[in-house]
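If you check TrEMBL, you get these features:
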BINDING   His457, His461, Glu480  Zn(2+) binding site
DOMAIN    680-987  domain 'ERAP1-like C-terminal'
SITE      Tyr542  site 'Transition state stabilizer'
TRANSMEM  111-131  transmembrane segment
Amino acid sequence: MVPLTNSPLPRNMIENSMFEEEPDVVDLAKESPSYPIDSDDVVYEPRSSRLLVRGLGENDLDEEEEDYESSARLLGMSFMNRSSSQRSAAASSYTRQQPSNSCSVPSAKKMVVGILVLVIIAFVAMFIYFVPRCTFSKDGCQKTNSSIEQLYPKASNGELFPWTGLRLPASVHPVHYEISLQPNLTAMTFQGSVAISMVVLQETNKIVLHSYDMKIINSTFQDEKVNILEYKPWQQIAIKVSKELKKGEIYVLKIHYSANLSNSYDGLYNSSYIDTNGKRRVLAATQFEPLAARKAFPCFDEPAFKASFVIKITREAEYISLSNMPKVKTTPLGDGLFEDEFEKSVNMSTYLVAFVVANLSSVSKNVSNTLVSVYAVPDKKDQTHYALETVAKLLEFYNRFFEITYPLSKLDLVGIPDFLAGAMENWGLITFRETTLLIGDHSSPIDKQLVTSVIAHELAHQWFGNLVTMRWWNDLWLNEGFATYMQYMSIEEVFPELDIDNEFLSVRFKALAKDALNSSHPLSTKVYTPEEVAEMFDSVSYEKGASILLMLKATLSKVAFRKGVIEYLKRYRGLNTQSEDLWMSLSQVTNPHTDVAEMMNTWTVQKGFPLVTVNRTGIQVNLMQEHFVLNADNATDHSNLWHIPLTYVSDICNNSSSCKQVFLFKDKTATIEVSEKVKWLKFNYRSDGFYIVDYGEQGWRALIIALKENVNVLPHEDRAALINNIFALSRQVLNLLVYLKNETETAPLTEALTQLNHIFMLLDKRSDLLLVSRMTDFKILHHNQSWEEESSVSKQALRSALLETACHLGRPNCTNQANRLFVQWRTSNKTEHIPGDLLKTVLSVAAQTEKGWQVLLDTYKHSIYDSEKRKTLQALASTQDVRKIVWILKAALDGSEIQTPELPLVISTVCRHSAGYLHAWDFVKENWDKLTQKFSIGSFPLQSIIMSTTSQFSTKTHLDEVERFFGSLKERGSKMRSVQEAIETIKLNIQWMDRNLVTLWKWL
């Protein structure tokens, strides 16, 4: 994220002042009330009655608060109003009390002067007495708390903390950090020091920044010792200075501290693995996104506070260290220690800072004047070559596409053995799970598709997220939606053999399913607390964000969209943005001019998506749009409208993009006309739009007849979309599925299989054995599949899905062949190759026997091929043996024999089977506190665990149990959006069963 210049101040630094707003205070000296105020009824409340000594009460504040001076002004105004009534009362009583034997009456002038003197004396005395001690209310002076104490929380040392907001004040802005760190990989601690140079944007007498769980040893400000105040609930520290800091001046804060290496996979944390010699190896790595840089060094830990960094790492001789920038020098320190110093970085947000201390090996090559390296533990160096060749091709593509060359001189990709996220886009030092980076000899083309996708995603972030960064986490989709879109677009261009279009279609369907819930959220939505920020990392920000960009590209044209993206990157290079900045850049390149913001705001600022209902009468086609919500009885807003770039084809012209017609549908209803010769219409061509369509009885019937007559009458994307939409609407499902006997393409078949599997899982968990046994004879499973090597990724994906389902259902022709392949593999000492896309299916069948399960456990412990290792773990978790289920859940939680980052995968796999899902749910309830220590509240792993364990419940008993458990958690997770989603999903499952069980009986 590129440089902030010192003069003049960059645009984003100036705009950050928007975060420090004046409070909504009524100045009683300026505004007279429209009704009389009794002076004794004047009550002072500090902006919100929710403010407590701790800081905030039940709800967090939405904006920053005023400083001491504004509080004193308000208090003074309250007092003056109160005193004015007292002055009036005093004056009237004074004039009434006249002595009867008075010898002279003072003049009116002397009386007025005397009264004024007395009032002033009384005012001063009362001000001195009351203001420091009282809070004024109807009950008079309450001496237990001062107004300042009510407004400002108390720091850990008992002093008042000088800030009252979760967001930092914008009065100062960091310019540069000097960071020195010394991890101790034996004691699992580290020592650090940071010197922060900062510029003052608004005069202030305080500096507030972030710090979490650190022991501060000493600190200086401008080389003078200062006292650090800490307010732990908001992970903030502060210093107060006696003289106001002057606007435009540079100041330096230095802090020395120590801390423990994190054990929760964020911040600076310790990781470990077992090498091929059976020795446990340790390393230290970082994961700072979204809010964990503060766990490694005190900092201004918000995306808009960009700065440059110089990092120094002290390490032992057996390790190397890596950071965002190339290493400048290494200095021997004695006692076997060395200090590595890295170049000054480009300006970037704190969440992109990274460092690794480990024993690693690498392969490298020069790509467009950038040294690209892929690092792995020494045992796995030979698995790095595919990633190196892949990133080289993608880097060249992005350099050309964006017309902005990658700005750093080096780019490292590092496989971390014990890593929670899939990958992290740290600028110049991208960190990965080994599964998403390394490719071994036994890896399948599907494995390569996964690795390529993750690399493409993280590399796209070097422009979207790093070079141009969202201003705040409410617009996370600008980072993640764009990186997801570019991931699929770039692979389609650079690696067409990976058939990535089917995968992109599948994730769009998943995003529709998530966004059809009332518990969903807009792409751009207000977030404040760390938990709310963490919950933004979901399929809405990623897949829905990518989906609306695809829709926009299809609307504007490929050329115009690319021009707008390039304009956006060049205009805001090194800055922070919000959604409107992107829309403005895209609007400027459209011809004729299009108000992109007017259209796209309907997709980003309101949750959900539209259902378009089609009703044809002759040549007239009547259209209506409404918010599609699965649980329509509880829909929150029926008035939402979208600007829909509605596309359609007909039987007259349907299999080419030139056939596509476009209609901008902005109103509640609209009418279009078609030829009388048109037999059927298909809307949302190739499913490029983020909406679903209901064709009515007549329209569905015409489409189904057309597909039965000729399966290729529509592109495979459209056939898959019809299946997805008809299941969502529960309309004529069975009639449409009849055509599948002639279907051969992957996308429609896997979508049908996904939908049918969901129904099967619900029935299975209800122990409806008769229906379950009838459903095992899926007609779709009659497609004959080969067990030999297959080169096509699309065909691999299809047969993998079909055979996995068939074996899971116990089809003998599947399980027998799987057992034969396993025996050959085991007796050949695992040299007999099983096709990689079938490995999980084969091993899962073998895991159902005691001998097979033990063989797989030994394989898991000793395998150095991560794709094989993960498939083996899934097979182990598929066991029906309750004792083994209990063991594997416990082992994944404590991390002894199964790495804890794999726990969400283990739970998800256990929950697929009737023998394990209730044990998994009980496990989550019993170990909730341990889970939230490993995975922070709101994090994606915790979201995954909640949905895996609850999404297949479909009874009132389970609904009550889930509501009761999560309701009891209170601040330990009860308010998470994923909890709302889980409860809503169970209700939908109950509703679906009530409405469709009879129909299922008739069909089966």
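Just so you know, glycine gets a Cβ as well, placed from its N, Cα and C.
Predicted automatically and left uncurated, TrEMBL annotations should be read as such.
The residues near the Zn(2+) site, meaning same-chain residues not in His457, His461, Glu480 whose C-beta sits within 8 angstroms of the mean position of the site's C-beta atoms, are Glu425, Glu458, Ala460, Phe464, Gly465, Asn479, Phe482, Ala483, Thr484, Met486, Gln487, Tyr542, in sequence order. Under a cutoff of 8 A between CB atoms, and with a sequence separation of 6+ in the same chain, the neighbours of Tyr542 (site 'Transition state stabilizer') are Trp477, Glu480, Gly481, Thr484, Ala511. For His457 (Zn(2+) binding site), applying a Cβ distance below 8 Å and a minimum sequence separation of six or more within one chain yields Ala423, Ala483, Thr484, Met486, Gln487. Sequence-distant neighbours of His461 (Zn(2+) binding site) (same chain, 6+ apart, CB under 8 A from its CB) are Glu425, Asn479, Ala483.
Using a 10 Å Cβ-Cβ cutoff, Glu480 (Zn(2+) binding site) registers 24 neighbours. Per-residue confidence over the domain 'ERAP1-like C-terminal' (680-987) averages out at a pLDDT of 92.
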